[in-house]
Amino acid sequence: MTALVVIDFDASGIKQPARSAIAAATKLGGEVHGLVIGSGVGAIAEAAAKIPGLSKVLVADAPGYAHELAEPVAALLVALAPGYSHILQAATAAGKNALPRAAALLDVQVISDISGVVDADTFVRPIYAGNALATVKSADAKKVLTVRASSFDPVPAEGGSAAIEAVSVAPVEGKSKYLGSELSKSERPELTAAKIIISGGRGMQNGENFTKLLDPIADKLGAAVGASRAAVDAGFVPNDYQVGQTGKIVAPELYIAVGISGAIQHLAGMKDSKVIVAINKDEDAPIFQVADYGLVGDLFNILPELEKA
Amino acid sequence: MKLLVAVKRVVDYNVKVRVKSDKSGVETAGVKMSMNPFDEIAVEEAVRLKEKGVATEIVAVSIGVTQAQETIRTALAMGADRGVLVETDVAVEPLAVAKLLKALAEKEGADIVVLGKQAIDDDMNATGQMLAALLGWPQGTFASKVEIADGTATVTREVDGGLETVALALPAVITADLRLNEPRYASLPNIMKARKKAIDVVKPADLGVDVTPRLTTVSVSEPPARKAGIKVPDVATLIEKLRNEAKVI
């Protein structure tokens, strides 16, 4: 039994969710290999080799693997699949895009966003926006899984010494072509890896208030800034700030919800946070039912006070 | 150009679901059901493509129990031309749905299949990708913008760090994200007109697809409840609590 974990990375290096996926893979009880897919990814492969828990790092390095297009990535996973009992990746946008495609090509049902490993065939996953936890047992010979990063403590980044091996498979020519990206620039920690998150909702009223009121507090706390769907739809902040069932799933040490009512879909993305603070002027807002500390009042008075404190 | 749009009947998104006491699943009897919100967006996009003259016919497909006809009617009232119900009492998984949709896409000669990016009940986010794989078509998942021209679909996708644009050679599969569009409400005359539109009913066996689930649900449980918190009177108390009680700052 050997598991293959696809490593998520970006320009700044290996992403924390990749190390959570490795943590999930180690719970299966077998050997764990990492897979780095991309173009010019030698440094990433070397960093991956240092992750404890990996006994081998495979590197698929070719221009055709740039931009993580689903077609070549899925074809590569299918080519490597005979050597593995489990194929995993964090439930990032890239993982959710490519792994179901690979699973279908292998004629297996993908198991998305697992939050627990019971045994090599049985997994726990949240359904209905996290309002129920399903334990499912797979009858498929091979398991293809995406991993809810916030449910597994990431393995350390350093301390291992895995062997690096180049993959000889040539990328398939797909019918899709990468045209370009528009990435949000931020100096702050990444939302899914941040220890503290401060999120704004519709109550923030506009994007300037995010910059004026939330950013200084985030900087002071070393926190990431998130948002509810209402704030994203209203155009206050870009959509990759969104926390919730359809946005990012986070579980920081501290989550501060400001001007967020607490709809089911938002709670789905943050209710596993260790400590939740709600700041809202409506004392009946559902967010107070999950908040450890609630402060009823006008955020426009409270936030400046918080910044000074 | 022919479009297939896949719609799912799910527990309404506003319902707070309850886990059954025998832990076999979630209570759905007597619970309000409606079209999966992401599928409404998929239907709206298909209808807009028809209004732009890109699409000529829209076939709305649902897979499930007899009552899923109502979901198809909703799609017809929004502007789809006709419907197909693949009737089954089996709780079909994304792989089986993808196989059924593949059979229908081939039978209908579809050029584009539009789906929601995920159903809000199983939260799988897999059917569109699996369908694209089985058809050997390119995929444009989590789409927030779609432009079709000259045999190519240019799709802007919502990814973790922002947005990404890809060009897909048609035929292709596209899955809709929330920000793709604002779905229209079906007007009463359109709801009346939709009653006259045809819905074909077929069985999975008619399409030669085995829908036996690969996953067995061992149990469904309530997630651990959070302990009730406290309200604090002011910022100073909040900071004090976070520092000394919760020790998170």
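A Cβ is built for glycine as well, from the same backbone N, Cα and C atoms used for every other residue.
Source: prediction; values computed, not measured.
Positions annotated as domain 'Electron transfer flavoprotein alpha/beta-subunit N-terminal' by TrEMBL: A:3-182.
Positions annotated as FAD binding site by TrEMBL: A:Arg202, A:228-229, A:242-246, A:259-266, A:Asn280. DSSP assigns A:Ile260 (FAD binding site) to coil in the three-state reduction, placing it in neither a helix nor a strand.
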Looking at the domain 'Electron transfer flavoprotein alpha/beta-subunit N-terminal' (A:3-182) alone, can you tell me the average pLDDT?
97
By a 10 A CB contact count over all chains shown, which of the binding-site residues listed here is most packed: A:Arg202, A:His266?
A:His266
Winner by Cβ contact number (other Cβ atoms within 10 Å) across the binding-site residues A:Gln242, A:Gln245:
A:Gln242
Quick one: of A:Ile260, A:Ala263, which of the binding-site residues has the smallest count of other CB atoms within 10 A?
A:Ala263
